[in-house]
Structures are given as structure tokens and as C-alpha cells.
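A short worksheet on the structure shown next.
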Amino acid sequence: MMFSFIVHVFISLFAVSNPIGNVPIFLTLTEGYTAAERKAIARKAAILSFFILAAFLVFGHLIFKLFDINIHALRVAGGIFIFGIAYNLLNAKESHVQSLHHDEHKESKEKADISVTPLSIPIIAGPGTIATVMSLSAGHSGIGHYAAVMIGIAAVIALTFLFFHYSAFISSKLGKTEMNVITRLMGLILAVVAVGMIGAGLKGMFPVLTS
């Protein structure tokens with residue numbers, strides 16, 4: 001049971017963060033950097049992203065109380081939001097919430113350290129990823145549950161680091177067509193996850209649906 005939940009967490013976060021699709025963005029941002037510099041940036045971005053997502057996992061319930069957020073409403077809203085990202089992925093488009101605006105891209109190129117922004121936020125730990133983590137933590141308080149989500153986060157972040165570290169190699173082996181196929185597959189998986197979140201939220205808001 002716990003293993004299947006960890007797999008669910010991993011698939012959900014992997015699909016919404018889409019580390020494979022972010023490889024071209026990483027290569028663009030680190031153009032002109034040495035392999036060692038790229039590795040250092042990828043490592044720092046991964047560590048920061050892990051702590052950001054872990055913070056939302058641990059303190060998510062406090063955010064619920066502070067803003068009087070209904071758990072079921074969050075699942076519906078988060079599901080709709082994530083479905084929007086899935087729709088863009090299915091059409092091989094970049095999600096606006098995870099892609100860079102012109103000013104952000106220009107600013108990131110002028111800075112020596114891009115690991116905090118835009119890599120950690122919004123590329124790795126973007127709104128969709130944060131919403132997914134908060135939804136997964138909603139309504140649960142057991143240590144085992146939090147540990148399972150934390151393991152899922154760590155696994156996705158570790159894979160993201162590896163994809164960034166070997167980004168040049170991956171880009172040379174996978175053409176644009178292959179990248180689009182993978183992106184659409186991630187979109188399909190994410191759409192299924194989003195529909196499940198919306199369904200769970202609606203059942204919680206309207207118990208009559210379960211009768």
C-alpha cells in the first residue's frame with residue numbers, strides 16, 4: 001500500500017515538473033557554461049527545490065488554516081490548474097506558469113547564479129508542482145504519509161538533477177520529435193492525475209455523489 005502510494009506521488013510530481021521537457025530550457029540558460037559549472041548549478045537548484053517542496057509538504061496544513069482553505073476545494077482547484085498544464089503538454093506547448101517570460105529570461109542570463117530563479121522557481125518547484133504537493137498532503141497527518149511524499153519528492157528531484165547534469169548528452173540523443181512524444185506522454189499521465197484530483201475533491205464537497 002505504501003509503496004503504491006510512493007509510486008503515485010512519484011508519477012504525479014514527475015509528470016507535472018516534466019524534467020525531460022525542461023532540458024532544453026536548462027541548456028539555453030547555461031549556454032557558454034562549462035560542464036562543471038552546469039553540474040554545480042543543477043545540484044544547487046535541485047537542493048533548493050527539494051527544500052521548497054518539503055516546506056510546503058510540512059507546513060501545508062498551516063497554510064490551510066491561515067487562509068481557511070477547504071481541502072476538497074484545493075483538490076478541485078489544483079486539479080483544474082494541473083489539467084491546464086497537461087493540456088499544454090499534450091499539445092507539445094510550454095506551460096505559461098513554468099516557462100520564462102522575456103524579462104525573466106533576460107535577467108537570468110545577466111546573473112552568474114541562475115539556480116534560485118528561474119531554475120528552482122518556477123521551473124522545478126513551480127506552481128503546479130507546489131499545488132500537487134499540497135494536494136497530496138491534504139487531509140493526512142501520519143508520519144508514514146509524509147515520509148512517502150517526501151521520498152517521492154526526493155526521487156523526482158534526484159532525477160531532475162541527473163537530467164540537467166546530462167542535459168547535453170540527452171539533447172544530442174533525443175531530437176525535437178522524440179522530446180515532443182515524451183512531453184505528450186507526460187501530459188496524458190498528468191491529465192489522468194488531474195481528473196483524479198478533481199473527482200476526489202468533488203466527492204468531498206458533494207457527498208451525495210458517492211451515494
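Every residue, even glycine, has its Cβ placed from backbone N, Cα and C.
The transmembrane segment annotation in Swiss-Prot covers 1-21, 47-67, 69-89, 114-134, 150-170, 188-208 and rests on sequence analysis.
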Compare 114-134, 150-170, 188-208 by their Cβ pairs under 8 Å to the transmembrane segment (69-89) and return the stretch that comes out on top.
188-208
Sequence-remote partners of the transmembrane segment (150-170) [C-beta within less than 8 Å, at least six residues beyond its ends]:
6, 8-10, 12-14, 17, 19-20, 22-23, 26-27, 30, 35, 38-39, 41-43, 45-46, 49-50, 53-54, 57, 124, 133, 136
Six or more residues beyond either end and a Cβ under 8 Å away: which residues meet both conditions relative to the transmembrane segment (47-67)?
74, 115-116, 119-121, 124-125, 129-130, 133-134, 136-138, 141, 146, 149-150, 153-154, 157, 160
